[in-house]
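Written below as structure tokens is the structure these notes are about.
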Amino acid sequence: MFAGYSGVAMMAAVSGFMASRYSLSPEPFYVGIGIAMVGMLLSLIVKDTEQHLKTQVQDHGSAMPDRPLSSREIFRLTSWKDPTLSSASFSGLSTNLKDGMAWGLFPLYFSTVGLSVSEIGAIVAIYPAAWGFFQLFTGALSDKIGRKKLVTYGMWVQAFSLWFLLVVNHFSLWVLGAIFLGLGTAMVYPTLQAVIGDVASPNWRASSMGVYRFWRDSGYAFGALAAGVIADVVGVTWSIGIVALFPFLAGVYSHVRMDETLKKP
């Protein structure tokens, strides 16, 4: 995940540079096409993990059922029936809902306060750079102190970082806010996937992860749509502030419903 989101940061900086040097279209899209082609080629050499999964099935101990579950049962468990899995799904959705808003409204917001294209590109790049960097430590930290604290406080850090970005009025403080936004996201991103791995049996873990990813990645679409509608009604600033309520509420939800899933030795 560090590599993935470091790549997001790098390409945000590169695309910002290309947009300021050339134009918004089509030059930045050429880079995206090239990266997609490289990814397709790399997918041909990935090794299968079937044998590793068989070993996990033999060794796994969990309160959740080890028997094969139907797709409907897994969807219900992960979406709302199981308190811990549903908390992870809501937190994932809220995190990416915030991102869907950020990618759309951050450039608009920062342009209204007078920042240049290169300065906006820097802030937009710093956020995923911090996100990717801090994941080097937050995933390992969750193996030591547990999952629930990082998820709960990570969601709150995201919310308060967004509100902080709205109340300050200096480039260095906006950079600081972007760093804290990345920290909050890094606190939850690897940890939420660890929660799914802790709770779900290896027999249906991938299916549960798929449901979680469905809700998590749907957040991009929900965030972009909701932020756009709200921005049309009350303006960009209010839209960012209102969307920040979702990660805050997800933190409250996780604090109340999520169980600690890290097994103590």
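If you go along the chain as it appears here, the first residue is 1 and each next one adds 1.
Backbone N, Cα and C atoms are what each Cβ position is placed from, and that goes for glycine too.
TrEMBL does not curate its annotations; it predicts them automatically.
Now, the feature entries from TrEMBL:
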{"type": "DOMAIN", "residues": "84-265", "note": "domain 'Major facilitator superfamily (MFS) profile'"}
{"type": "TRANSMEM", "residues": "29-46", "note": "transmembrane segment"}
{"type": "TRANSMEM", "residues": "108-130", "note": "transmembrane segment"}
{"type": "TRANSMEM", "residues": "150-168", "note": "transmembrane segment"}
{"type": "TRANSMEM", "residues": "175-200", "note": "transmembrane segment"}
{"type": "TRANSMEM", "residues": "220-253", "note": "transmembrane segment"}
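Predicted-model confidence for the domain 'Major facilitator superfamily (MFS) profile' (84-265) is 95, expressed as mean pLDDT. Among the recorded stretches 29-46, 150-168, 175-200, 220-253, the one sharing the largest number of Cβ pairs closer than 8 Å with the transmembrane segment (108-130) is 175-200.
Long-range contacts of the transmembrane segment (150-168) within the same chain: residues 87-88, 91, 94-95, 98, 138, 141-142, 174, 176-178, 180-181, 183-188, 191-192, 195, 237, 240-241, 243-248, 250-251, 254-255, 258, each at least 6 residues beyond the stretch ends and with a Cβ under 8 Å from a Cβ of the stretch.
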